[in-house]
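Chemist: Pasting in a structure now, in structure tokens, and then I'll have a few things to ask.
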Amino acid sequence: MESTHGEGSTFSFTANFGLSKPDEVKSQSLVSDLSGLSVLVVDDSLASLKIMQNMAESLGLEVELAEDGVEALDKVRHADQAGTPYRIVFTDWKMPNMNGIDLCRQIKSDTSLNTPPKVVIVTAYDNDMSRIQLTSATDGLIPKNT
């Protein structure tokens, strides 16, 4: 120990530790939890659709694509009626015909859906106002890297 009045003290020590044992608890992989989960990716940008598709498929998700909210809503209803509902819809916010927030509202208000999916907005518009608006209307928000 070294100490100087009015300046402080420095303490040092040596400790010897044995090697730790390998973790005996096997953690379950997130990928195995997601494997086979049916999702719909919605974006009017072909490049963004492909990026999201590749990321989702790399996690083992079963992915279908739609280019706007109108097409997505039709696919959500059809999949639900067929008994193979989407579990999650990942949608862009700003799109022609029907934007992501309107899509979310349509899905949430559709009483004909037996198993409505969660709707997550994927957006490049990341400011406080849009974040408040998006998170209050949807099940989640993922910022899109641009």
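Cβ atoms are placed via backbone N, Cα and C, with glycine included.
Note that TrEMBL annotation is computational and uncurated.
Taken from TrEMBL, the feature domain 'Response regulatory' covers 38-146. Residues or ranges marked as 4-aspartylphosphate by TrEMBL: Asp92.
Neighbours and distances for these, please.
Modeler: Helix, strand and coil counts under DSSP for the domain 'Response regulatory' (38-146) come to 46 helix, 25 strand, 38 coil.
The Cβ of Asp92 (4-aspartylphosphate) lies under 8 Å from the Cβ of Val42, Asp43, Asp44, Ser45, Ser48, Gly100, Ile121, Val122, Thr123, Lys144, each of which sits 6+ residues away along the same chain.
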